[in-house]
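Read the structure below first, then the notes.
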Amino acid sequence: MAKGAVKKEKFEYEFFGPIGALGVTVLTTVVSFGSFYICNEEGCPAKFSKISHIFKKTPLFDQKSLILYLLWFSTLTLLWKCTNGKWAKGTPIDDKGTRLLYKINGFNSACLILGVVCTSIYLLGASCMEFIWDNFLQLMFAAYVFSVVLCTFCYVQSFFGKQQLAKGGTSGNILFDWFIGRSLNPRIGNFDIKCFCELRPGLILWVVFDIAFACHQYLVLGGRITDSMVLVIIFHTWYVLDSLINESAVLTTMDITTDGFGYMLSFGDLVWVPFLYSLQARYLAFHPVDLGLVKTLAILCLQFLGYYIFRGANGQKNRFRSNPNDPKLKHLKFIQTKRGTKLLTSGWWGMARHINYFGDWIMAWAWCLPAGFGSPIPYFYVAYFGVLLVHRNARDDHKCRVKYGEDWEKYCKAVKYRIIPYVY
């Protein structure tokens, strides 16, 4: 009892504890479904009378949509099992240095799925993708229900057998632990649920949605797609495929190494990413924008700049963490912590503690600008993402301050800026 009391006393809540967890759960649900009601063919933003009409006439549940989503998740699981891929070791998850194995074959799955989608469009025509347009809300509801069931399953599973628990999900409060995630690595055999959801069902579905919306625009415009839609699809597909090509890099991120798999990640991976991140493509499907050559080239340059920073920084960090003794990295300066970890203070990571976030945010602007300035709603992503990155930086900073102590203070003096060099 005494030991239990000490643990409870030392526990520090994130997101303002259970009340914050409930608030985020409700808010993200409202925003996700609200994005459909408020931004559609009736207007973006639509008038209240139109929103009310859509709300009344459009059912949330559709059996075909639920079956299709379950088939989608099952197909990707089967592809994970059946397609070739190397096995990579994750970072140590305990003091004994235990490292879990992860199958890296997400890129193969994406290529197969997108190949089937494109072949179907070529053979059957753009109209074969209209089910997604006509049942987008119902598909969102199916994904939402599935994400809640999945994170609840992982929460219950965490109480049975030998489980590595996430430190942040052991408060003892059911709501908070369910939200933040109690199990660090929920698995069925060697199938890691968290790592699988991180990069596959949501990310690949995001691209499928973009393609479906481009098909709808093609049908509406009588056989053409705007340059703005082409840009959005290229940027999103590029981001997704690049993430899957570099799938092993996710094994060193906070989502995998630190966070449990609760509602926050389950909902984020399966609902928020595909249904909210495809907002620009959905908007352009009913509000086409023709950019012209100059604007197209300017947005392309912005995307390339963001990607150069994002991928360069992440690649450098991943190589250094995987093999800090690599001769190619000997020019990099670092602080040796008392815990044995090395903190980079030069290269990309000498510019800002999260320079990769800056690159990510620049790309977010490139994804939103093709929508033009007819509505502020397509820019929701860049605003939300900026807030997310600032919050994630603060969260990471707090954890590192606790973890490294005075070494972190020394590191912050060496690398003064958080995200944007010379600004923030």
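Just so it is clear, glycine is given a Cβ too, placed from its N, Cα and C backbone atoms.
Here Swiss-Prot gives transmembrane segment for one range in the set 112-132, 133-153: that range is 112-132. Your range for transmembrane segment, going by Swiss-Prot and the list 19-39, 61-81, 229-249, 292-312, is 19-39. Feature transmembrane segment, per Swiss-Prot, maps to range 370-390 of the set 160-180, 181-201, 265-285, 370-390. Remote same-chain residues near the transmembrane segment (19-39) are listed as 13, 45-46, 51, 54-55, 136-137, 140-141, 144, 175-176, 179-180, 263-264, 267-268, 271-272, 275-276, 279, 282-283, 375, 377-378, 380 (criterion: CB distance under 8 Å, separation of at least six residues from the stretch ends). Residues 35, 38-39, 44-45, 227-229, 231-232, 276-277, 279-280, 283-284, 287, 289, 291, 299, 354, 357, 360-361, 364, 419 of the same chain lie 6+ residues outside the transmembrane segment (370-390) yet bring a C-beta within less than 8 angstroms of a C-beta in it. Per-site Cβ counts within 10 Å over the binding-site residues Lys317, Lys403 peak at Lys317. In this structure, the binding-site residues Leu344, Asn356, Asp396, Tyr411 were compared by how many other Cβ atoms lie within 10 Å of their Cβ, and the smallest count belongs to Asp396. Lys317 (NADP(+) binding site) carries a helical DSSP state (H, G or I).
Under 8 Å, Cβ to Cβ, and six or more positions away along its own chain, Arg401 (NADP(+) binding site) finds Trp408, Glu409.
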